[in-house]
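To start, the structure itself, in structure tokens.
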Amino acid sequence: VHFAVSQSDPKRPIFFTKRLKHQNPSQRFRISCKTSKSSSSSSKPQQNPLEEQSPKKTQSLSEQLQPLSTTTLPKKDQAARLSSNPKSTWVNPSKPKRSVLSLQRQKRSPHAYNPQLRELKLFAKKLNDCENNEGAFLSVLEQFPHQPNRENSLLILNSLKPWQKAYLFFNWLKTNNFFPMETIFYNVMMKYLRLGGQFEVIEELANEMVSNEIPLDNITYSTIISCARRCYHFDKAVEWFERMYRTGLMPDEVTYSAILDVYAKLGKVEEVISLYERGVASSWKPDMVTFSVLAKMFGVAGDYEGIKYVLQEMKSVEVRPNLVVYNTLIEAMGRAGKPGFARNLFEDLIESGLTPNEKTLTAIAKIYGKARWEKDALKLWEEMKSKNWPVDFILYNTLLTMFADIGLVEEAEQLFIDMKRSENFKPDSWSYTAMLNIYASGGNVDKAMELFEEMFEVGVELNVMGTTCLIQCLGKTRRIDELVRAFTVSIQQEIEPDDRLCGCLLSVVSLCDNREDIDKVLACLHQANPRLVEFVELIEDEKSSLDTVKEEFRRVLSDTKDDARRPFCNCLIDICRSKNLHERAHDLLYLGTLYGLYPRLHNRTADEWSLNVRTLSVGAAKTALEEWMGTLAKIVKRGEALPELFSAQTGTGTHKFAQGLSNSFGSHLKELGAPFKNSEDKVGCFVATREDLLLWLQSKIPSSSTVIS
């Protein structure tokens with residue numbers, strides 16, 4: 001098959017596979033058909049230069065005509081489409097090209113050109129509308145309008161809902177063996193099953209594909225892994241990802257992000273970093289989801305260096321955080337104890353033109369409250385009002401808690417009034433608890449009790465935190481009868497006392513001036529924790545041996561949550577000191593140190609020895625100071641070397657209503673006559689030189705003839 005070529009263009013190929021632009025409409029095709037062997041040899045057709053590179057082969061007429069019928073002569077229903085100019089496709093120049101190997105997808109069936117499309121869609125609707133049971137479904141399937149084949153079956157499968165009907169149809173196709181099942185059918189079915197959270201069924205299909213030698217492609221593995229992740233089968237997700245890698249398939253962006261999240265949830269930080277770097281090395285460009293996963297992983301672990309690594313990686317690949325990533329990074333900085341960096345990220349978010357949402361503001365409010373940053377908290381509050389940033393119920397309560405943590409009473413009261421006036425954000429139990437905390441911290445008992453009564457009037461349930469705040473407030477002001485009533489009401493409200501409430505009652509016991517009040521508070525404590533009351537009675541008995549106290553204290557700690565153990569010990573020491581049981585107080589400090597409750601109490605360097613009482617109560621701090629001075633006196637008596645400087649660090653309470661540990665500790669130093677003075681460089685730190693402390697200690701030792709290095 002050939003045609004005449006103009007002599008003006010001798011290089012134009014004779015045979016072609018697509019329509020040529022600017023084709024001369026007057027050119028005609030000449031079809032030469034030689035069936036006789038002799039005629040073929042005597043009159044040779046013009047040779048195609050492309051055929052010289054391939055073996056000679058005699059073609060039939062149909063084979064010779066096929067290129068023309070398929071490539072040159074369009075079908076009637078495609079004529080208009082081929083003759084018209086295709087529409088141009090706009091490409092966003094700012095969006096990066098895919099850097100990972102594109103998904104190995106199967107070519108879609110040409111449903112759009114299927115004349116049976118309308119009839120098949122109506123049939124699919126009939127299947128969707130039938131009863132959701134196997135009998136009814138199979139009965140409708142018998143009315144399949146055409147012989148099932150690859151194209152119409154795939155169309156029906158893509159149209160079915162829910163996944164149970166799709167699964168019935170899929171199994172029907174396999175059972176009747178209308179045509180060989182291909183990967184695309186399994187992929188479509190697996191996506192249905194993923195929506196339904198049916199990982200076990202997906203895994204069965206995957207194993208079936210392996211058994212039947214049906215290839216698993218990128219889509220298959222991605223669906224399996226992402227479903228395993230959604231269903232919290234993290235080990236299975238890792239297993240299938242490793243199988244995917246062994247096949248040589250390159251993960252796509254979705255698979256990379258999903259498996260990184262799986263490794264992060266499993267706590268496999270090294271594997272996450274290794275996989276991330278391996279992906280980047282293979283030209284994969286991480287997306288926002290990936291960086292959010294990395295930031296969350298490091299944030300939960302409080303790994304500040306890891307968070308810095310994420311920020312550096314985002315900068316290196318020129319990815320600017322979106323709001324979701326900013327939120328994750330800010331929360332991560334809060335968990336890592338880096339409020340300054342969280343504030344910088346928040347300011348960067350504003351400067352980038354993004355508007356913070358409720359989650360952003362909730363995260364930064366928590367951080368400011370925990371850091372006791374009054375100035376930043378007020379600035380945030382003013383910006384929220386002036387810029388009309390979005391709020392929700394959680395944010396309102398978080399702001400109240402922030403004001404409570406910092407002690408901003410007026411701002412908290414105004415916000416509380418605004419909540420009462422609003423239609424959608426009426427104060428709930430946590431809102432009232434935050435206000436109770438503010439009044440309790442400030443010692444405003446009357447307002448606290450007024451709020452307590454109001455809760456019952458408006459039908460807001462009391463919670464254990466609110467009870468704890470109220471009891472703390474009443475205990476500090478020695479209003480024991482009202483304390484007992486508040487505790488009784490909370491028990492009647494079926495509130496279960498926790499360790500924090502028990503610790504609060506213990507602290508009130510240390511504040512009571514008379515036995516009658518002590519017995520009233522202990523009666524409340526007995527309802528919450530009988531063993532704790534028994535231990536209080538044990539340490540009050542001077543006949544109790546240290547071994548007995550040690551064993552019972554171990555049992556008390558075993559029944560107590562980790563974060564409440566040190567507060568319990570602090571309160572018990574305070575109780576002993578309030579009863580002038582100083583030796584027992586020292587026993588409890590020793591036991592607390594023995595059981596790891598005060599891990600950073602002492603620190604020694606070549607130049608300085610220090611005592612850190614930041615996490616101790618006033619009574620426990622005094623006991624620790626006395627214990628330290630006693631130890632130093634023994635060292636001096638033995639003639640051992642001492643450093644140049646000694647320091648005692650109390651820290652400084654940043655809360656507006658915080659108890660003055662530093663003031664109480666300083667007063668106790670004066671009572672002892674110890675030569676410690678306030679540090680000029682560090683607030684909440686008392687320092688003494690070796691010479692001054694040595695003279696004071698020698699004055700306390702009966703025999704001062706010891707030679708000191």
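A Cβ is built for glycine as well, from the same backbone N, Cα and C atoms used for every other residue.
TrEMBL does not curate its annotations; it predicts them automatically.
According to TrEMBL, the feature region 'Disordered' maps to 1-111. The annotation compositional bias 'Low complexity' is assigned in TrEMBL to 32-44. Residues or ranges marked as compositional bias 'Polar residues' by TrEMBL: 45-73, 81-92. Sequence annotations record features per position, and here TrEMBL assigns repeat 'PPR' to 217-251, 252-286, 287-321, 322-356, 357-391, 392-427, 428-462.
If you look at the repeat 'PPR' (428-462), the same-chain residues 6 or more away from its ends with a CB under 8 A from one of its CBs are 393, 396-397, 400-401, 403-404, 407, 409, 412-413, 416, 419, 469-470, 472-474, 476-477, 479, 482, 486, 489-490, 493, 495, 655-657.
Beyond the repeat 'PPR' (217-251), the same-chain residues lying 6 or more positions past its ends with a Cβ under 8 Å from any Cβ of the stretch are 100-101, 103-106, 183, 186-187, 190-191, 193-194, 197-199, 202-203, 206, 209, 258-259, 261-263, 265-266, 279, 282, 284.
When the repeat 'PPR' (428-462) is classified with DSSP, helix, strand and coil residues number 28 helix, 0 strand, 7 coil.
Mapped onto DSSP classes, the repeat 'PPR' (322-356) shows 26 helix, 0 strand, 9 coil. Averaged across the repeat 'PPR' (428-462), pLDDT for the predicted model comes to 91.
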